[in-house]
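Student: TrEMBL lists these features:
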type: BINDING; residues: GLN110, LYS126, GLU147, ALA230, ALA231, LEU232, LEU233, GLU304, ASP319; note: ATP binding site
type: BINDING; residues: GLU147, ASP319; note: Mn(2+) binding site
type: DOMAIN; residues: 194-403; note: domain 'FAM20 C-terminal'
type: ACT_SITE; residues: ASP299; note: active site
Amino acid sequence: SKLAALFEHPLYNIPVPEVTEKDKLFIINPMEKFSLRSSGSDEWVSSSKAETLLPTGKTAYDTYPTWLKFHIGINRYELYPRRDPLLPMLLRDLATQRIISSVQKSGGTQLKLIMTFPNYGQALFKPMKQTRDQETPIDFFYFSDFERHNAEIAAFHLDRILDFRRIPPVSGRLVNITKEIWDITTDKKLAKTFFISPAGNICFYGECSYYCSTEHALCGKPDRLEGSMAALLPDKTLAKRRSWRSPWRRSYHKSKKAEWELNPNYCAQVRETPPYDRGHRLLDLIDMTILDFLMGNMDRHHYETFEKFGNDTFLLHLDNGRGFGTHSRDEPSILAPLQQCCSIKKSTYLRLQLLATQPYRLSDVLREALAADPLAPVLAEPHLKALDRRLGKVLVAVGHCLAR
């Protein structure tokens with residue numbers, strides 16, 4: 001296994017700083033036990049007298065469902081640890097837990113659903129809109145591209161292989177539109193959009209600002225539909241997140257250019273602007289840029305951080321559905337922050353060099369990681385080959401900076 005060998009490499013065993021209580025997203029009472037109310041009502045019961053309720057040898061933590069353990073494990077330095085025994089369990093839950101509720105997520109240009117499980121875990125479902133081998137047409141603007149379910153799955157694994165660990169876990173899943181969406185939804189607006197197509201397939205389109213119409217309906221075969229299931233982050237009422245506009249945001253206009261596209265010294269002014277004037281925020285943004293270039297994602301207008309940790313924390317790499325749309329061409333402008341600032345974390349650079357060598361080739365380790373997903377093969381082979389080509393271009397860009 002190339003993947004196992006990669007994670008054993010010294011570059012993937014650099015210790016994170018010691019996590020103190022103030023570095024944890026949540027401080028929990030070790031005696032607090034959580035269980036479902038036996039009355040069948042949709043409530044948790046918590047008891048501070050956990051020791052009287054627990055079987056011998058069990059801790060209160062053992063009573064928590066996997067999604068809650070994932071939330072509790074989030075800290076200032078990482079969304080989940082490198083060798084996290086919870087990860088396979090959480091991915092399995094996302095792929096197999098019974099769905100008891102499906103409602104549309106508000107906002108956004110395309111349809112997304114919030115799925116709820118019996119253990120109160122929730123996932124964000126993005127349905128399949130196009131096949132693996134369909135490329136984004138060359139004349140499409142980046143902001144009118146489809147979001148791809150397989151891009152969300154591949155982005156999670158790529159982010160982990162780069163050792164960023166800033167994307168919440170994502171699994172592929174085959175959903176029954178009738179039993180797992182139509183029959184159980186309490187969302188009246190969503191329910192009104194179901195129909196049976198001339199081919200006899202079950203379809204729906206929901207309500208959103210861009211791709212929600214009968215022309216862009218999502219149809220099963222006849223009612224089976226692929227999608228990505230992403231673990232949700234803790235509710236914002238429990239763990240506030242701050243949204244930051246990316247300094248290298250595109251203009252989202254058909255003819256206007258953004259300032260960074262016109263000013264070759266743009267990075268100098270970014271470096272003087274908080275929060276990029278201190279700490280590792282700019283370097284973290286460049287990490288995100290490299291991830292986006294490898295995926296071909298041009299749609300990174302904002303990013304988020306957990307408010308509790310201030311400026312000294314990682315960036316959350318959310319919404320990656322517009323990655324992996326093209327494999328036959330690369331988009332060099334995505335690398336503008338790296339090229340203009342000529343800065344990169346040493347650890348990131350060393351890992352990129354490692355992933356360009358034969359024993360740890362990026363396409364090989366990602367192919368291996370994706371093979372375990374329920375929807376494998378997740379990426380068409382040309383997309384995997386494109387990763388190696390793009391990785392080479394990132395290393396060339398760093399080489400130009402070193403030469404300068």
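The backbone N, Cα and C atoms fix where each Cβ goes, glycine too.
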Student: Taking the Cβ of ALA231 (ATP binding site) as reference, which residues of that chain separated by at least 6 in sequence fall under 8 Å from it?
Tutor: TRP67, PHE70, LEU90, LEU94, GLY121, ALA123, PRO168, PRO169, VAL170
Student: Could you round the CA separation between the residue listed as 'active site' and GLN110 (ATP binding site) to a whole angstrom and send it over?
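Tutor: The Cα atom of the residue listed as 'active site' is 14 Å away from the Cα atom of GLN110 (ATP binding site).
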Student: Just how spread out is the ATP site if you go by the largest Cα to Cα distance in Å among GLN110, LYS126, GLU147, ALA230, ALA231, LEU232, LEU233, GLU304, ASP319?
Tutor: 20
Student: Just to verify: the residue among GLU147, ASP299 with the fewest other Cβ atoms within 10 Å, which of the recorded positions is it?
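Tutor: The recorded positions GLU147, ASP299 were compared, and ASP299 has the fewest Cβ atoms within 10 Å.
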Student: Counting Cβ atoms within 10 Å across all protein chains shown, which of the binding-site residues GLN110, LEU233, ASP319 comes out on top?
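Tutor: Within the set of binding-site residues, the most crowded position is ASP319.
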